[in-house]
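Here TrEMBL flags A:20-40, A:85-105, A:117-139, A:151-175, A:195-216, A:245-266 as transmembrane segment. Here TrEMBL flags A:79-266 as domain 'ABC transmembrane type-1'.
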Amino acid sequence: MTPVTTDVAAPDTRRAGRYVYIAAVVLLCAWVLVPLYFLLINTLSSPETVNSFPKPFLPEFDLGSLGFFAGFAGILTALKNSILVAGLTMIMSILIGAPAGYALSRFDFRGKEAFRLLILLTRAFPLPLLALPLAVMFIQTGLDDTVFGLSLVHTTLAIPFAVLITFSLFSGIPLELEEAAWTLGCTRLTAFTKVVLPLILPGITASAIFAFVISWNEVFAAAVLTIENRTLTAFLLQNLDTSPLHLKFAGGFILVVPALIFIFAVRKYLFAMWGIANR
Amino acid sequence: MAEIQIKNVAKRFGSYQALHDINLTIQDQEFMVLLGASGCGKTTLLRIIAGLETATEGEVWIGGRRVDHLPPKDRGIAMVFQNYAVFPHLTVFENIGFGLRMQKLPNDEVKRRVERTAGLMHIDQLLGRYSGELSGGQRQRVAVARALAMEPDVILMDEPLSNLDALLRMEMRAELKGVLAESNTTAIYVTHDQVEAMSMADRISVMHQGKIVQAASPIEVYRNPAAEFVAGFIGNPPMNFLPATPAGDGKWTVAGQILDGPSRTTPLHFAIRPEDLRPADTGLAATVKVVEPLGAHLLVTCSVDGALFRAVLDSDLTVRRGDTLTLAPQPDRVRWFDPETTLAVA
């Protein structure tokens with residue numbers, strides 16, 4: 001008798017389920033978008049408006065706060081450091097991660113599954129635990145307060161994603177394509193450059209951008225391991241603490257926007273990381 | 001001129017022996033089919049010839065040149081893969097021209113050859129498309145055209161039609177056979193489909209458990225199987241087998257009947273194709289289990305002396321389940337196999 005009762009209840013239940021579903025989607029979107037919107041409004045408002053109440057819901061397009069940052073001492077150096085560290089992280093994580101991804105996808109070896117899990121588990125290890133020993137080690141080796149030293153740490157953070165994304169990219173390319181290229185006059189190298197590379201290039205780019213964003217967003221290691229050569233996040237964290245409210249908003253905005261744009265650009269490939277590539 | 005010689009080729013994957021001491025010569029311009037069930041080593045053998053796999057032992061010669069140490073690109077071969085392996089980032093034109101571009105041929109020569117082979121395979125309308133915009137059959141045509149455009153000495157095909165639907169497969173079968181005969185290349189074609197093998201091959205090599213059991217013309221393989229495996233694998237339905245005991249002087253007792261056979265003293269297996277049986281006054285007593293009308297014929301599954309036995313009879317006959325038929329084997333079509341070696345006995 002159960003099927004009958006569910007049949008009767010079905011349209012109502014389904015409609016109710018739809019409302020819940022829509023409400024959940026709206027809630028989740030608001031959760032992410034509302035703070036971003038307020039950040040935007042406050043960034044583009046004059047200091048008076050930022051400190052007043054109630055707040056307007058439309059931005060005033062006052063570029064005063066942003067303009068202040070352009071002239072803020074040290075911010076350009078910090079920006080340059082951020083880009084350098086993120087760039088290095090991007091290059092190193094792809095150079096190390098892509099071959100690992102290729103090996104995972106093309107070869108069978110003992111402990112392959114354990115290795116995959118282990119790669120992911122490195123992300124579960126809390127960085128604060130590592131910070132002190134790392135700082136001591138970096139001071140001993142002279143890597144402290146250098147762009148290269150910090151990008152090493154960031155590379156460690158980015159590699160798991162680089163490996164998993166490239167693994168799924170390489171797995172998506174049938175070995176037969178490479179073999180066909182070999183029979184058509186290619187060596188292993190030319191088959192890779194003429195067939196595999198063009199096919200995975202968009203994905204590799206995405207994975208590189210993701211590594212860039214990870215480094216760009218990272219603040220803890222950057223704050224602990226650098227003093228003079230601060231990245232933008234560490235620099236702003238240090239300075240905004242004592243800044244007026246409107247500058248805090250503007251600083252936050254500067255940090256959030258590039259990361260958002262990058263992640264939005266590569267979102268398709270981040271799904272690929274879990275093997276649910278939508279192609 | 002591209003005669004292929006395979007000499008004492010063996011392949012082991014770890015402790016698993018995929019190929020045992022294969023010896024095979026394929027004549028210039030011959031269409032050779034490697035036929036066998038999955039896992040029999042036929043694809044491995046093809047990949048060894050192509051250079052995608054290295055033989056553990058033995059030599060491969062193509063056109064009088066030993067090639068087993070050469071990479072695939074230097075063997076004068078072209079290959080068609082089971083999943084087509086059409087490059088998705090290139091147009092059909094660039095796919096067909098890929099090998100020619102690797103040879104650094106001038107543009108107009110590439111264009112001429114691509115257009116000619118595309119015409120042969122009836123895909124001239126698709127040259128600007130990408131593989132994502134093609135159907136399975138069209139991709140198959142691109143893969144064949146790409147191999148033909150190379151004008152290779154040898155063309156290797158690994159189950160090229162197995163991913164197509166039945167109707168398309170039949171159409172492509174005839175077309176491939178025509179195009180390949182035209183191109184004067186030596187062809188090796190791997191399949192598990194005996195109809196494909198019978199209809200296309202000049203010669204069939206039947207493989208079983210890493211060995212070539214028989215290499216002969218399709219009719220020879222069908223009429224005179226060299227081993228019980230071949231007899232049971234080729235033909236639909238396959239050959240019938242019954243145990244036979246010697247009755248002395250070239251006479252054999254098969255299911256209570258006395259038949260003429262080879263002069264041997266050890267027991268043999270009697271074998272007959274289902275279509276070589278006729279209802280008669282004397283013969284094997286068969287109890288009918290299932291009757292399947294197939295239009296032109298009746299496929300009758302019966303039991304002879306407790307063993308499964310099939311006969312293909314004229315569809316005018318009225319046969320019912322439970323009937324007892326007397327089936328006479330056509331004497332010149334009877335074959336005998338040694339149960340010890342499973343090989344045919346003359």
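Our numbering is plain: 1 for the first residue shown, then up by one each step along the chain.
Every residue gets a Cβ built from N, Cα and C, even glycine.
All TrEMBL annotations are machine predictions without curation.
It should be emphasised that the depicted structure is a prediction, and the values quoted were computed from it without experimental measurement.
Same-chain neighbours of the transmembrane segment (A:195-216): 82, 85-87, 89-91, 93-94, 97-98, 151, 154-155, 157-158, 161-162, 165-166, 169-170, 173, 177-178, 181, 186, 232-233, 258-259, 262-263, 265-266, 268-270, 272, counting only residues six or more beyond its ends whose CB sits under 8 Å from a CB of the stretch. Stretch with the largest number of CB pairs closer than 8 A to the transmembrane segment (A:245-266), among A:20-40, A:117-139, A:151-175: A:20-40.
Counting residues 6+ beyond its ends, the transmembrane segment (A:20-40) has Cβ neighbours under 8 Å at 55, 59, 249, 252-253, 256, 260 in the same chain.
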